[in-house]
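For reference, the structure is listed below as structure tokens.
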There are 2 protein chains.
Amino acid sequence: MSLRVLDYLVARLKELGVLHVFGIPGDYVLPVYDALLEKGISIVTTCDEEGAGFAADAYARIRGMGAVCVTYCVGGLKVANTTAGAYAEKSPVLVLSGAPGMKEREKNSLLHHKVRDFDTQRRVFEELTVACTLLSEPERAPQEVDRVLTQALRYKRPVYIELPRDTSFAPLPSSTPFPPPPLVVKEPSDPEALEEALEEAVTLLTSAQKPCLLADVEIHRFGLQQELEEFALQVEIPVAATLLGKSVIAETHPYYMGVYEGALGRPEVREYVESSDCLLMLGVFMTDINLGIYTAQLDPARCIYATSERLSIRYHRYENVTLEDFLRGLLKRTQGWKAPRREFPRPPGELSLGEARDRVTVRSLFGRLNRYLTDETVVIADVGDALFGAADLLVHQRTEFLGSAYYASLGFAVPGALGAQLANARLRPLVLVGDGAFQMTGMELSTIARWGLDPIVLLLDNQGYGTERQIRQGPYNELLPWNYWKVPDVLGTGRAFLVETNEQLESALQESFAVRGTFSLIQVRLNPEDRSPALARLAERLAAQQ
Amino acid sequence: MSLRVLDYLVARLKELGVLHVFGIPGDYVLPVYDALLEKGISIVTTCDEEGAGFAADAYARIRGMGAVCVTYCVGGLKVANTTAGAYAEKSPVLVLSGAPGMKEREKNSLLHHKVRDFDTQRRVFEELTVACTLLSEPERAPQEVDRVLTQALRYKRPVYIELPRDTSFAPLPSSTPFPPPPLVVKEPSDPEALEEALEEAVTLLTSAQKPCLLADVEIHRFGLQQELEEFALQVEIPVAATLLGKSVIAETHPYYMGVYEGALGRPEVREYVESSDCLLMLGVFMTDINLGIYTAQLDPARCIYATSERLSIRYHRYENVTLEDFLRGLLKRTQGWKAPRREFPRPPGELSLGEARDRVTVRSLFGRLNRYLTDETVVIADVGDALFGAADLLVHQRTEFLGSAYYASLGFAVPGALGAQLANARLRPLVLVGDGAFQMTGMELSTIARWGLDPIVLLLDNQGYGTERQIRQGPYNELLPWNYWKVPDVLGTGRAFLVETNEQLESALQESFAVRGTFSLIQVRLNPEDRSPALARLAERLAAQQ
């Protein structure tokens, strides 16, 4: 059989490690599904496209690239929000949309699923991605595919490819090398700028009395965890992580201090970071939640701020210096040097476990969970106290904490577990989700069950929107109190527990961690007014801004 | 208390009949919720924003205006698809989004929920609505609100208003009349063009031997059902409806023939419509599904084609002639004239009921349902055989059939029932939904239960995506077979039935229609290969285009 345009795209997806694609069938996309299946890429049909979008985002965070494949408009527009989240938090997700053929469009007729005109969906995704293409001509398709995928890898942000059904099955231009040579993404730094920046940074660091590192999510996205850990060990500088970047450094690392989040975090970490005379910020997102709703007091005059998009030292800026080259350069040029010895805060050890027969509290829940985490656990936290309370969990490995900590879109965690475990079968997801978020996307446990995955889902049931309740009371914060533990009866599979006391929680956790091959759902009935100390502080700040 | 910008908007909403607003709380929108509640507008918190969007669409179709109120980006972008559906099918939904204040934006900081820049969400909605505004200045807010709402009423399409949290609570400009004088929407026709068009149309109609009417959804959106029925009675011309416009004319009307959908519909209706020597098409959407995937053979030389956006007679076009003025003019100028008497097809009577102990089929299901419809029933059909099979249901009243028959977005029906019954408490929704669509949004039964509503939900369970299966077989069409009838156990409320035979169906229907105040969910286990004749014909056409 001769090669088709779609074969080129599929070859690229496999090169980038995409072995699962998430979506829902629809007539514009069915032939694409068959083409993917033929080449050994699995189609994961979710309950709703929203679940597909969140799953692909988690998949991308772990494997470096993820994809949804959806039908035109009724499928594509359902992943607008999840794509926006991937954009905001730098996760390279490919949105692949089936579409009417170019010939059909010429008639400009009202084909089903069309909104305003044939370009509506593409224009929406131009706002939500770093690169878009409509494969309107078979001749230009290979270069367009490469252009768009390269941007995804360069910026770690989502991209969009629209596949008209006539051109995607047209013959691949005969001049196209197949299989294609590997994609090249690297944009090297400007050597002079790099040299000058490194020299300045090393001078500042090595003359500092109290240098400090603050690491965030880009370290993970650009695969620099190893370099970060080595660097901290070599120069003996303590490291804090942001909430969004929790786990970019192993939390068992000897120089790890804990999470920094301005006034919302632990005061001793805040004090250390803010009083540093040379703060090296690596891949940090300057976001409101990350920075404790602007309570962070970081003096630019004492900061070196390196990200994938800019490098600033004090009040000036270097162009064309990549995060990767900068960190590698620091590692090389500081060999033999060590920072002055100084006491620094250590991550919290065991949290309070509560009494066995007492009601579970947010605090005792996280305290007990902490003892179950292993190197194979990936913690996936949904928005709310599931996320804020998780800040002090001790995460063992480097890549093992996923959450929508900046974009803060409810409903990420359960479908995120689907994506995470398919991305890396060695991982076992521990999902932390509130009841509000579970009502949005929790039924994706159905898809999880179909694929034989076995996440453990801790459902923090406080009967309503707990975070909003902290800001403002109102009837709109209340939810119908589901018997979540009966969800396995509906699905015909899975295990569930309803727990109210610490000893019930303990036995549910033991059983869940002991059994493999099926999901466990643990509904934890909390006092609706209970909350983590972090949420209490956050809510106070947010309420003050209303 | 002095008046605020938001009070003006709320006054307009109440003027337009919006007494319920759908959404999910989030910090940017909480104060707006309180402002709505203060003025007696109910906030309906759904499970997911998608449900809110579909509910508002159904609400708008029944009441003439509906609204979602959501938080910035993580809420707004979740209703991108439902807003697109409302655009495509002409339903005036207001998307009201909370947003960061204008002052906060000046710092251009990474506030949570932001995607690329502060205008991202608004630009997305510019693609999906007929009018957008960001209420950035209190002074201009009243005129902006009026401009946008007027467009929604004029075009029956969605609009978008973004509420920065500082300006929406700023004082209303003192020059603003309050309460505001009623909104004026009417754009009168050009009298000369109207005169000439009417004269030509009446000449064509009254000299025709076999005139025929084809009516579609705009008749309903513009409130012209009464005029249409009177006109057909007066001139004694038979009427067909499209699938999208099913029920714009009472199906018990003496001149009603049934649904016209090209080769996909009943052959006798097709023959009559296509052989007419003067076909008057009123408010018709020229869409592929409506026209039987382009099997319709309608000769423009014999057509008068009037919609809210254009009027064409044969091959020429009139500008500035409204559908309303045109139809009213026809009614006036044809008094005393009657079309030549001629036999025409009648809608199908009782459908086959099947034997009591036989397995339920799509055909026997609709046959039996037909006998339960009353003037209080609103049929809400989701996409798939739920919709196609419903084409021959006998709908009693004029406004009583809702479906996403053009945009064809799965998941509309269950949240649609929420919107429909809140829009008109006298109605009892009968929901027809496939298992695929139910897995998307069916858990909105939770919201339905919270509001004490009592739709009857017929779940056509063929264990997968039945329509796609007809086009192309593949593992992606299969779903986990839920025990849907156990959903009430999870929700802690509601009634459910599992039926396989016709007699089980009959007794479930009897019980469901007899009991009020709680939803009934009837899971109908169908043979996965079973399908309506209409779906069989549709699938053949779609498969041929793959």
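Any Cβ shown, glycine's included, is placed from N, Cα and C.
With B:N462, B:G464 listed by TrEMBL as binding Mg(2+), the candidate from B:D392, B:D435, B:D489 annotated for that site turns out to be B:D435. A C-beta separation below 8 Å, combined with a sequence spacing of at least six in one chain, links B:N462 (Mg(2+) binding site) to B:D385, B:G434, B:D435, B:L526, B:N527, B:P528, B:D530. Helix, strand and coil residue tallies for the domain 'Thiamine pyrophosphate enzyme central' (B:198-315), in that order: 35 helix, 27 strand, 56 coil [DSSP].
Each residue of the domain 'Thiamine pyrophosphate enzyme TPP-binding' (B:382-522) gets a DSSP state, and the totals for helix, strand and coil are 65 helix, 25 strand, 51 coil.
In sequence order, B:G434, B:G436, B:L460, B:D461, B:Q463, B:Y465, B:G466, B:L479, B:L526, B:P528 are the residues of the same chain, not among B:D435, B:N462, B:G464, whose CB sits within 8 A of the CB centroid for the Mg(2+) site. Within the same chain, residues at least six positions away from B:G464 (Mg(2+) binding site) with a Cβ under 8 Å of its Cβ are B:D435, B:G436, B:N477, B:E478, B:L479, B:P528. For B:D435 (Mg(2+) binding site), other Cβ atoms within 10 Å of its Cβ number 25.
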